[in-house]
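Enquirer: The active site annotation in Swiss-Prot covers His101, Asp104. Sequence annotations record features per position, and here Swiss-Prot assigns Mg(2+) 1 binding site to Glu232, Glu268, Asp296, Asp339. What Swiss-Prot lists as Mg(2+) 2 binding site is Glu268, His271, Asp307, Asp309, and the listing cites similarity to another entry.
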Amino acid sequence: MQTYFDQLDRVRYEGPKSTNPLAFRHYNPDELVLGKRMEDHLRFAACYWHTFCWNGADMFGVGSFDRPWQQPGDALEMAKRKADVAFEFFHKLNVPYYCFHDVDVSPEGASLKEYSNNFARMVEVLAEKQQQSGVKLLWGTANCFTNPRYGAGAATNPDPEVFSWAATQVVTAMNATHQLGGENYVLWGGREGYETLLNTDLRQEREQLGRLLQLVVEHKHKIGFKGTLLIEPKPQEPTKHQYDYDASTVYGFLKQFGLEKEIKLNIEANHATLAGHSFHHEIATAIALGLFGSVDANRGDPQLGWDTDQFPNRVEEDALVMYEIFKAGGFTTGGLNFDAKVRRQSTDKYDLFYGHIGAMDTMAVSLKVAARMIEDGELDKRVARRYAGWNGELGQQILNGQMTLSDIAQYAAQHQLAPQHRSGQQEQLENLVNHYLFDK
């Protein structure tokens with residue numbers, strides 16, 4: 001078979017002194033970190049959509065990329081050609097996983113019948129590619145936001161026929177994910193929100209979205225899918241306000257519909273930025289709420305109000321993210337999917353490799369910094385000492401419901417409590433983190 005990336009055999013680890021731009025300097029899949037292979041900690045995935053579907057177009061210009069599989073021709077044949085290039089890329093990049101939306105891998109067609117037939121054929125192609133390459137599916141999902149029919153949302157659409165079309169896509173994509181051995185299924189509500197409250201019934205739309213999620217959970221159990229269901233929070237774009245705004249908002253939504261034990265979160269760094277949060281905050285919040293599942297690893301631009309989907313390159317924040325994930329026990333079914341794209345001016349086909357290689361090295365360094373933090377344990381000890389009082393008699397009686405509000409007030413009066421503020425020592429802790437980051 002003719003190769004597309006014909007100037008490259010495979011990206012390999014060459015060590016930190018390497019000057020080869022098509023080699024890893026820090027990501028060594030077999031290196032042991034806290035007793036586990038680096039590849040097994042990080043569980044990298046490359047995404048289909050930004051890497052093979054985007055043509056370089058933006059709001060002010062047409063596509064700038066020359067991708068042979070995006071040329072005019074038979075749609076199904078172009079999809080197969082795209083799959084050839086995609087799996088060549090996955091293999092040469094040395095990623096163990098990939099992710100897709102339904103219409104990333106298969107032509108949508110002009111009807112539901114065409115959609116289903118095309119997707120069924122491409123699932124056969126993908127299954128064969130997976131078997132040949134050893135690359136596995138981290139997660140699949142359905143694109144229920146691009147087609148004009150979804151202008152007013154999919155699950156939250158005022159037309160139940162649109163809801164039904166979306167439900168068909170979701171059930172088909174879930175079945176495909178299950179058939180391909182996918183380890184998760186993602187729900188991202190690209191247009192599940194509103195642009196103006198003047199024509200929006202908030203209660204109605206929340207009920208519709210909640211019902212779709214309940215149906216998804218029911219179908220998961222019906223088909224015996226053992227993977228994890230994930231929601232990917234995002235505050236806005238393309239709508240003004242989305243119902244899955246951030247980790248905390250999604251938790252409240254899931255609680256409302258009794259789904260908090262059925263669905264977890266896929267946290268994206270850039271979406272955290274858009275919500276006014278740090279990536280670290282959203283990961284820590286998801287873990288605290290028992291909802292952490294997987295990560296879309298990228299970065300946004302704090303000076304821009306949209307999803308820039310750049311490759312991660314900030315070890316300072318990503319190390320803290322990996323530290324939180326380490327403390328939570330690491331990934332189970334989730335992983336680090338690079339929901340990132342090269343810039344519109346990056347028109348060389350090997351730019352796809354440069355972006356992913358830099359991102360993988362960044363996350364590898366972040367992993368090793370986080371491991372140093374875990375091994376040293378000082379940051380954890382500082383936090384434990386700060387809350388130590390809650391492990392004492394008073395703290396435990398309050399938390400365990402053994403004291404009423406009046407009991408607590410009586411205790412404070414009887415013991416003449418006069419507590420004094422203790423320093424949070426933020427500056428010292430920031431210096432400690434810098435020690436892990438920069439001291440060898």
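Each residue, glycine too, has its Cβ placed from N, Cα and C.
Would you situate these features in the structure and describe their surroundings?
Expert: Long-range C-beta contacts of His101 (active site), restricted to its own chain and to partners at least six residues apart, with a cutoff below 8 Å, comprise Tyr48, Trp49, Gly140, Thr141, Ala142, Asn143, Ala173. Annotation note: His101 (active site) sits in a strand segment as assigned by DSSP.
Cβ neighbour count for Asp104 (active site) (all protein chains, 10 Å cutoff from its Cβ): 21.
The Cβ of Asp296 (Mg(2+) 1 binding site) lies under 8 Å from the Cβ of Glu232, Asn266, Ile267, Glu268, Ala269, Asn270, His271, Asn337, Phe338, Asp339, each of these being in the same chain and 6 or more residues away along the sequence.
Of all Cβ atoms in the shown protein chains, 30 besides its own fall within 10 Å of the Cβ of His271 (Mg(2+) 2 binding site).
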Enquirer: Can you tell which of Asp307, Asp309, Asp339 has the most other C-beta atoms within 10 Å, given these are the binding-site residues?
Expert: Asp339
Enquirer: Using C-alpha atoms only, work out the spacing between Asp307 (Mg(2+) 2 binding site) and Asp104 (active site) and round it to an integer in Å.
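Expert: Pair distance, Cα basis, whole Å: 19 Å.
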Enquirer: Expressed to the nearest Å, what is the distance separating Asp104 (active site) and Asp309 (Mg(2+) 2 binding site) at their Cα atoms?
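Expert: Asp309 (Mg(2+) 2 binding site) has its Cα 17 Å from the Cα of Asp104 (active site).
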Enquirer: Determine the minimum-neighbour residue: among Glu232, Glu268, listed as binding-site residues, which Cβ has the fewest other Cβ atoms within 10 angstroms?
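Expert: It is Glu232 that, of the binding-site residues Glu232, Glu268, has the fewest other Cβ atoms within 10 Å.
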